[in-house]
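Asks: I'd like to ask some things about the structure below.
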Amino acid sequence: MEEPGGLHESAEDLFHFNVGGWHFSVPRSKLAQFPDSLLWKEASALTSSENQRLFIDRDGSTFRHVHYYLYTSKLSFSSCAELNLLYEQALGLQLMPLLQTLDNLKEGRHHLRVRPADIPVAERASLNYWRTWKCISKPSDFPIKSPAFTGLHDKAPLGLMDTPLLDTEEEVHYCFLPLDLVAKYPSLVTEDNLLWLAETVALIECECSEFRFIVNFLRSHKILLPDNFSNIDVLEAEVEILEIPELTEAVRLYRMNMGGCSRTSCPPLSPGKGGRTASVESVKPLYLMALGLLVKYPDSALGQLRIESTLDGSRLYITGNGALFQHVRNWLGTCRLPLTETISEVYELCAFLDKRDITYEPMKVALKTHLEPRTLLPVDVLSEEWTAEVTIYSPQQIIKLYVGSHWYATTLQTLMKYPELLSNTQRVYWIAYGQTLLIHGDGQMFRHILNFLRLGKLFLPSEFKEWPLFCQEVEEYHIPALSEALAQCEAYKSWTQEKESENEEAFPIRKLHVVTEGTGPMAEFSRDAKETTACMPVDFQECSDRTPWNKAKGNLTRSSQMEEAEQYTRTIQVSLCRNAKRGGNPSTYSHCSGLCANPRHWGGHSESPPKKKCTTINLTQKPDAKDPPVTPMQKLISLVREWDMVNCKQWEFQPLPASRSSSVEEASLHVPSGSEAAPQPGTSAAWKAHSITSEKDAGPQTGPGAGVKDKGPEPTFKPYFPTKRAITLKDWGKQRPKDRESPAPEQPLPNANGTDNPGAILKVAHPPVVGNDGSCMFFEDSIIYTTQMDNIKHTSLTASPQLREVTFLSFSLSWEEMFYAQKCHRFLTDIILDSIRQKDPKAITAKVVSLAYRLWTLNISPKQFVVDLLAIAGFKDDRHTQERLYSWVELTLPFARKYGRCVDLLIQRGLSRSVSYSVLGKYLHEG
């Protein structure tokens, strides 16, 4: 056999694998020795032009032993601690020789010998370490010096740990901290240890691996240390530096109880006793931390700085095009540094920069450029840099998870098997929606929880020693199936029995609190028992029979869209033996409500745009309707805040019964009675003088429901569906494969009266659509005013095969831009529908339709549109109203036009679930 040290392979002869965030390279010659394995089948299928890394959604730490076996055909001694998990991986990857070796080991016919060459390089360091490697946009060419090389786990973001953030090749500890925790304990972040800052998270450098126990205490107020913990001196030294009184007291109590249970609780200090955390050191503004971070790097690393802001100008962000920001974007999905959260902080930022020296000059220039008076671009001019784009996020989308002192990679499908995780807004924050996720927990313990999410079964090391901490973590994730799996774990039962002699005071977590499933909102995530997932757990004992191995099949699913940093990555979906049964709670990935886990900013600030109500699960607090608008933008839209499709509830598009016929049906819009319409927030047309009286007027009000008994002609919407029936996202996963793959025959759209087309209103149901700024808010339907019916008429109405693999979509607009775009569309459609519903004379309705058409086609300016609209009889017309409405239309119309183009593209690509339309010309010609 060739000596390990003599192995040298060129980059062209290497296959690259990303296993749960661990990066491995295997020579072609070694992998070819296992021709029946899934690894060889998929890697060898790559063409020479495909320089990709195959992604496997499995535990990377365990794959080290698989990797070592691929090189040496031997097992390392260290693999004994996790044989069950190693067995599961070998079975899923169809590595039959490794399975035979594990069987022999189990039966005592194979003995492991401890030799220096058997110890993988990565195992010599704690799992809390990482080593610096260059972050590039293609697979790294790792120097393979011996078969002992078992892969590089990018536990810290490679881009962050490379120049310019850390110009070192030494091993460094790091930790991801939610900003809420930093605000509570400011001493955690200093100028020296801050590595990066985002809207929801701060990344800091730590002095020791024991720092994770400190963060765990600050979250739970409990000292949870491993059995026989020996590094108490190191931990105590770190605690003294932080000067957090309750933490210091908890560690002191633990040292007093050395030899007892490793669980010490400390009640939270009462107000006024927070020591440094409350009185000595106050919370620093974000701009102090962000600017202090940037000035540590040369201008060449920053590139050209620029300031971005929300539309109301209250929140400022700084970004650049230098190497620093490029590295951060590759790993976190966003590189915007938050500067301010309120209007008042903008003034404070200006005053702060005025007092700074030349070091802050690039920041000063960027801020001055941003604050210079600018005029809005004409509505007929769209940015040359902007193009309509619709990005698809499939269940195989790779998600990076940052958990305390570790990071992992998995797929969106895995996270959605148990949607309780993403619904847990106390523990989960999206850094960049659909790309990177911050989980507020212990990184080392989350490895076992993630394996449960993948496999539906707990796989713990044979000598697991952190039971108190693991129990605490399981309880706080609120996943019933996980709690039940721990309660049934034999190792856990044995451990609790060993602790029976200890009193309840010293050992309060002797029994695990199991969260049971009820009939609450989460019940709707349950999956049809007939449908199974691709990743199923396998018991070690159940797989001793060779028969299922020969039947094991694997398939590769290519992700249709990958994040920028993973363009070279494909996803291997491991399918295990057919007889394996999934334990726990089966669930479907096809429901998207759990994806609404919100960053902290979108709920707690009145400057944020109002939220769209989630149609399935409410994860955010409703804004208080009584609070007055506090920002210029909110004051501006207060006039039209009720123009959120006045008839949105009344002119409801009725769902059609599932019909097997392909005929085009018409659905009349339902108009509720006045009593039904009254409570709805959007039913008072503030811009119609004859529809509403002043809020201060105590007299009777005539709401939009007036005259319902004697209705005039109402709009009808002709729906056509890309598939046989209207399908919701929740129902999509429950369909049989035949239902998904059989589109309905194409239905022609009617002629829109040629050039005499005054426009149409579309109602498009589609997968959840998010912005391109990482926000977690989304829309699942769009009401669009359009004059481009010809584009839709010539579009194939058959469902795209991609639709089956769509979890959500992203438009090339920010969430805020999409929000105001929808407001503008609903305003235009509302004034038309309200005129029809109010039985206005045909001349008035025609005038309103004509004005909307001329505005949309840019044949009239926004100012002239407002003047002509308010001049129509029945509208309130005063100078104040004109100015506010003109400003609002001028602001939102460009966003609406961009949003309309994105929706058109969505329909053309066959990504809509259903489309209903109403051609407005018919109402102008009816007698």
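Every residue gets a Cβ built from N, Cα and C, even glycine.
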Asks: Pick from SER270, SER608, SER742: which does Swiss-Prot describe as phosphoserine?
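Replies: Candidates were SER270, SER608, SER742; Swiss-Prot attaches phosphoserine to SER270.
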Asks: Which residue counts does DSSP give the domain 'BTB 1' (18-72) for helix, strand and coil?
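Replies: Per DSSP, the residues of the domain 'BTB 1' (18-72) fall into 24 helix, 12 strand, 19 coil.
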Asks: Which whole-number mean pLDDT does the model give the domain 'BTB 2' (399-486)?
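Replies: Averaged over the domain 'BTB 2' (399-486), per-residue pLDDT gives 92.
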Asks: For the domain 'BTB 2' (399-486), what does DSSP give as the number of helix, strand and coil residues?
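Replies: DSSP composition of the domain 'BTB 2' (399-486): 41 helix, 20 strand, 27 coil.
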